[in-house]
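Trainee: When I checked TrEMBL for this same protein, it listed these features:
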{"type": "ACT_SITE", "residues": "His180", "note": "active site, proton donor"}
{"type": "ACT_SITE", "residues": "Glu313", "note": "active site, proton acceptor"}
{"type": "BINDING", "residues": "His180, Ser181, Tyr182, Asp251", "note": "beta-D-galactose binding site"}
Amino acid sequence: MEIKSTNFGFTKSGEEVTKYTLYNDNDCSVSILNYGGIINNIMVPDKDGNIENVVLGFDTFKEYEEKSPFFGSLVGRVAGRISNASFEIDGTTYNLAANNNGNTLHGGLKGFDKVIWNVTGIVKKDSVSLYLNYISEDGEEGFPGTLDVNVTYTFNNDNELEIYYSGKTDKKTIINMTNHSYFNLSGNGKRDVLEQYLHINADKYGLVDTEIIPIGVADVDGTAFDFREMKLVGSDIKNDEVQLKNAGGYDHPFMLNDDGNISAAMYDEKSGRYMEVVTDQKAVVFYACNQMEAGMKLASNMVTKKHIALCLETQYYPDAINQDCFDSNILSPEDTYKAYTKYSFKIK
């Protein structure tokens, strides 16, 4: 177990970007940047023991700063879209940075994905951890309250990557964090995810409009959104369903069943790689890279294209503060925001 750190470049404002690589005793590793808490790569074996990268990332920092679609980043204060870039708490309206068709996407113009986090590494007998801290000042991107946020990444000898989130505020605010990793279990992007299998433990999913704003909740029964039994990602993605047309494919929240079972799973049959997802969050947003810009050169000799990977963004319900169908995600000073997600990489 060890942590190695290397310089990964400098921001346009001159801040140093460091890449921390967490190694376990299986020769597997996870690399994380202090910029945006970005997971740069996850190196795990296939059924033949070949260790390859299973997430999308760039080789240089300049590419992250100029064109990254949230590859592997921590997202906050609020993941997803906040409709009309505004919300109300106790009669006060807060206007946010509008960075997505008049809405706020993934925290605004400079969300948690675009800041330098303070980092501390801890090496234990069976795990390695990276502790990240960031203080989001009152009014940042329009959000109220000074928010003290901590995120811990832990990688262990079972090839499990755990993410712990916590936050404290001095004034009522909203928070809903996630990690925006793009997964492709084929290894170094050999195949797109339409050929890979997905399971989501959800009886219901969120309906969205053409701007991907939630408009209601529906049963997955009889729809392309039924992933309760593992199936190919591409099996129903071209179905003639309004919800698939609205989002150009899958870009929807799934309301996770609270039944003690895993939240989601992904499987690539040819490589044998299998990933289980467990979370204490209410939802997971499944995004199938419907709008991915083609032709971007990535780490591990990958090149972007439509459906090159998928995201499983564990979080609270999106736009909850503005949607009557969800309880709001207001955090008060007397409370502590907490969230947890574990990705387990296995062979099947």
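Using the three backbone atoms N, Cα and C, a Cβ is placed for every residue, glycine included.
TrEMBL annotations: computationally assigned, not manually curated.
Here the structure is a predicted model, which means the values were calculated and not measured.
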Trainee: So the record assigns His180, Ser181, Tyr182, Asp251 to beta-D-galactose. If I measure every Cα pair among those residues, what is the longest distance in angstrom, as a whole number?
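Mentor: So the maximum pairwise Cα distance among the beta-D-galactose binders is 14 Å.
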Trainee: Restricting to the same chain and to sequence separations of six or more, state which residues have a Cβ under 8 Å from that of Asp251 (beta-D-galactose binding site).
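Mentor: Long-range Cβ contacts: Val208, Ile212, Val285, Phe286, Tyr287, Ala288, Asn290.
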Trainee: Work out how many Å separate His180 (active site, proton donor) and Glu313 (active site, proton acceptor) at their Cα atoms, rounded off.
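Mentor: Glu313 (active site, proton acceptor) has its Cα 6 Å from the Cα of His180 (active site, proton donor).
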Trainee: For Ser181 (beta-D-galactose binding site), which DSSP three-state class applies?
Mentor: coil
Trainee: Taking 8 Å from the centroid of the Cβ atoms of His180, Ser181, Tyr182, Asp251 as the cut-off, which other residues in that chain fall inside it around the beta-D-galactose site?
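Mentor: In sequence order, the nearby non-listed residues are Phe70, Phe71, Phe183, Tyr287, Cys289, Ala309, Leu310, Cys311, Leu312, Glu313.
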Trainee: Cα distance, Tyr182 (beta-D-galactose binding site) to Glu313 (active site, proton acceptor), nearest Å?
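Mentor: Cα of Glu313 (active site, proton acceptor) to Cα of Tyr182 (beta-D-galactose binding site) measures 9 Å after rounding.
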Trainee: If I restrict to non-local contacts, at least six residues apart, and a C-beta distance under 8 angstroms, what lies near Ser181 (beta-D-galactose binding site) in its own chain?
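Mentor: Non-local contacts for Ser181 (beta-D-galactose binding site): Ile39, Ile42, Val55, Leu56, Phe71, Gly72, Cys311.
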